[in-house]
């Protein structure tokens with residue numbers, strides 16, 4: 001018999017302790033992984049609701065199970081809010097992740113073996129944009145494009161490659177690029193060769209929703225995103241379009257269900273609905289602008305301290321610190337900073353001589369620290385501490401000093417105040 005007072009602490013202390021330790025880690029560590037963020041208690045409330053019990057294969061009004069009248073309301077709210085947020089005429093909120101959303105786009109628009117133009121992973125792309133170890137690289141003929149010597153996307157080279165190889169689909173979007181992407185230019189190139197333009201905006205969706213980064217939805221045939229990262233919602237995916245093409249919309253829906261998934265996660269879709277509503281609030285725009293301001297402030301200090309930033313700066317939420325030429329790998333930098341309670345991730349940089357498991361760079365992002373309330377002053381102070389460690393990564397005294405400073409700063413800015 002189920003009772004409301006059942007809890008994990010009494011029943012499964014081993015698991016409970018792991019959860020508590022992770023909660024403490026989040027409170028006592030500064031999170032700088034560009035793809036991570038803190039979601040709101042409202043989103044977590046939705047995800048912990050009894051919606052988790054309901055199977056709802058199909059779409060609102062067209063379910064394969066009974067008892068879906070209320071989950072239909074939930075999913076419709078999420079769909080309509082997503083459309084409003086990004087100026088779309090179509091939204092599918094069922095993908096369990098960004099990668100699931102991306103695989104649905106491939107399935108809807110392509111056949112195995114078709115040619116696809118995607119950003120080189122080593123230049124800032126994503127696994128699902130054609131990496132040989134991913135389904136995208138295994139099933140499709142991937143032609144990569146990259147960045148030029150200045151660290152910016154080379155659109156002339158992109159056009160040359162597109163005309164030469166005539167891909168059926170071009171992919172815009174990134175996981176480690178700090179510039180502004182010219183979506184209109186990419187659509188112009190796609191139209192020249194009769195290709196689909198597919199944009200994966202996962203990293204910058206929150207910035208786009210707030211109007212502080214260009215919106216790809218008016219330019220692309222189809223756009224995908226995660227619902228966490230800068231959007232600060234639950235872990236999941238979404239597919240959007242403003243193509244006014246009902247045939248395309250049907251293909252996308254079929255590629256999600258039954259093509260790639262069965263029952264949707266209704267508790268997560270409820271979390272998405274809450275997050276989209278939060279993103280429509282005026283304070284969300286203030287938050288996203290601060291995300292960019294904090295990233296620019298961090299870049300300023302890195303450059304002052306003599307560190308190279310790929311592309312020389314940032315126009316979004318992230319930066320890539322290039323350690324080529326220094327006696328320090330990305331893996332070592334990641335570990336040293338982690339010892340001081342600063343969480344980053346090692347990341348390959350353009351022309352990286354080291355393997356992806358070692359790398360010559362670290363990727364840093366500001367969504368999570370901004371969510372805690374950091375402004376430019378705290379971001380600059382933090383960057384100074386990071387540089388202190390990178391300057392002397394094998395010095396335990398430096399690491400201990402910075403760790404103490406980090407703990408004090410975290411206490412001033414709790415994740416959930």
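Note: Cβ is positioned from N, Cα and C throughout, glycine not excepted.
Annotated (6S)-5,6,7,8-tetrahydrofolate binding site per Swiss-Prot: 121, 125, 126, 127, 355, 356, 357, in sequence order. Look at Swiss-Prot and you will find 228 tagged as site 'Plays an important role in substrate specificity', backed by sequence analysis. Look at Swiss-Prot and you will find 229 tagged as N6-(pyridoxal phosphate)lysine, backed by sequence analysis.
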Message: Which binding-site residues are spatial neighbours of residue 229 (N6-(pyridoxal phosphate)lysine) here, meaning Cα within 10 Å, out of 121, 125, 127?
response: none
- prompt: Roughly how many angstrom lie between the C-alpha atoms of residue 357 ((6S)-5,6,7,8-tetrahydrofolate binding site) and residue 228 (site 'Plays an important role in substrate specificity')?
  reply: 25
Cα distance (Å, whole number) from residue 228 (site 'Plays an important role in substrate specificity') to residue 355 ((6S)-5,6,7,8-tetrahydrofolate binding site): 28
Message: Can you tell me how many other Cβ atoms are located within 10 Å of the Cβ belonging to residue 125 ((6S)-5,6,7,8-tetrahydrofolate binding site)?
response: 24
- prompt: Can you give the largest Cα to Cα distance in Å, as a whole number, for the residues 121, 125, 126, 127, 355, 356, 357 that bind (6S)-5,6,7,8-tetrahydrofolate in the record?
  reply: 16
Statement: Checking the recorded positions 126, 228 for other Cβ atoms within 10 Å of each Cβ, the smallest tally belongs to 126
- request: Rounded to the nearest Å, what's the C-alpha distance separating residue 126 ((6S)-5,6,7,8-tetrahydrofolate binding site) and residue 228 (site 'Plays an important role in substrate specificity')? Just drop the number here, would you?
  value: 16
Query: Highest CB neighbour count within 10 A among the binding-site residues 355, 356, 357?
result: 356
- line: Its Cβ having more other Cβ atoms within 10 Å than any other among the binding-site residues 121, 127, the winner is 121
Task: Determine the Cβ neighbour count for the residue listed as 'N6-(pyridoxal phosphate)lysine': the number of other Cβ atoms within 10 Å of its Cβ.
output: 27
